[in-house]
Amino acid sequence: MTTRQPLYKSLYVQVLVAITIGILLGHYYPETGVALKPLGDGFVKLIKMVIAPIIFCTVVSGIAGMQSMKSVGKTGGYALLYFEIVSTIALIIGLVVVNVVKPGAGMHIDVSTLNASSVAAYAAAGAQQTTVGFLLNVIPNTVVGAFANGDILQVLMFSVLFGFALHRLGSYGKPVLDMIDRFAHVMFNIINMIMKLAPIGAFGAMAFTIGQYGVGSLVQLGYLMACFYITCLLFVLVVLGGICRAHGFSVIKLIRYIREELLIVLGTSSSESALPRMLAKMERLGAKKSVVGLVIPTGYSFNLDGTSIYLTMAAVFIAQATDTTMDITHQITLLLVLLVASKGAAGVTGSGFIVLAATLSAVGHLPVAGLALILGIDRFMSEARALTNLVGNAVATVVVAKWVKEMDNDKLASELASGGAPLVDTRPTDDLGVAEGPAR
């Protein structure tokens, strides 16, 4: 009989308490809350420090260990098909909701009175985003540069090529694969150590958010925020829930399974902060390493459902608030632009805002200065974006794994039924051979 872990030792409880304390401190002592920003920034930087090597190890081990290269192409093809379908649904849902509810109607904002300088940096970054530029950026100038900059797509591309090359070498490349597998164990143990600081990071990030923007900013544009949060919730429960039911599992149980990762994301507003743990969690759920290694990292740029909902809602909200006419032609154009632009977002705080700036610049019909309207609440909306993105990528991993028959359904059922035990830090045995994330 196993002894139940005390509540105070649960990462879930620790992060939840830290977020609560951070909110209270930021509200009652805003200056102190703002000063705690480095705690949140430091934690996110620690996570980002190991994301590139973990993706490399996971993808290379998964691809090099596969029996056939055809299965890699099949997995990638199914993943991109799923991403495109579901993210398009998310864009359309956001567009429909904002047109029905009209959260910006009646504000009658004069664009000339807006402080365009406050969003100049975002607008400049957005103007540089082009489809060709995005595609070329997937190819790193140097391998070292890809890892040094922590660019997920660049690291992923090199990892796929490295995995293919290692697979072609057969037994000759086995020593290299073994070394990479053992290196993966080291990296996952580093993650386990870093995650002990998650409550401190979540506390600092939340205290800063409330201290900097205040609870008042939540009320100021609360209608838009409420619409967005409710839309994200309905998307998760109805759309993703329907996809889950169609594939024989429950989205509620899946959310319960990744509850610790969701709380980390809630505290940091960045789905990227949970990426290393998601790789381990989804593999433990029963998905093959090759599927997890391709779907999760790729999903962080191509399957951002929460960001997709946000982009259409925010763009039309700005049009409504500034009395800018948006007929059906303009809205279809907006949707088509976002089908491409939304794939350039990444799972980091602020990327959605930059893509929104790029979209407004590309459409031309919408005032870029209107970004100033939602700048103050964007930080609060990023929580819902990041949470929806994380759940969306978890669902995508299970669904794609089922499509390509690389899912252990018995393991999936048992893990979801148990709620998932916390990831523990144990040392692998010398004869383990292949890394499988943190030891079970």
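Even glycines carry a Cβ here, placed using N, Cα and C.
Annotated range for transmembrane segment in Swiss-Prot, selecting from 102-122, 270-290, 291-311, 396-416: 291-311. Highlighted: of the candidate stretches 15-35, 46-66, 146-166, 224-244, 15-35 has the greatest count of Cβ pairs under 8 Å to the transmembrane segment (190-210).
Contacts between the transmembrane segment (46-66) and the transmembrane segment (354-374): absent, as fewer than 3 C-beta pairs lie under 8 angstroms at sequence separation of six or more. Counting only same-chain residues 6+ beyond the ends of the transmembrane segment (224-244), those with a CB under 8 A from a CB of the stretch are 86, 89-90, 93-94, 97-98, 101, 103-104, 218, 250-252, 254-255, 305-306, 309-310, 313-314, 317, 374, 377, 380-381, 384-385, 387-388, 391-392, 395, 398-399. Stretch with the most C-beta contacts under 8 angstroms to the transmembrane segment (78-98), considering only 146-166, 291-311, 354-374: 291-311.
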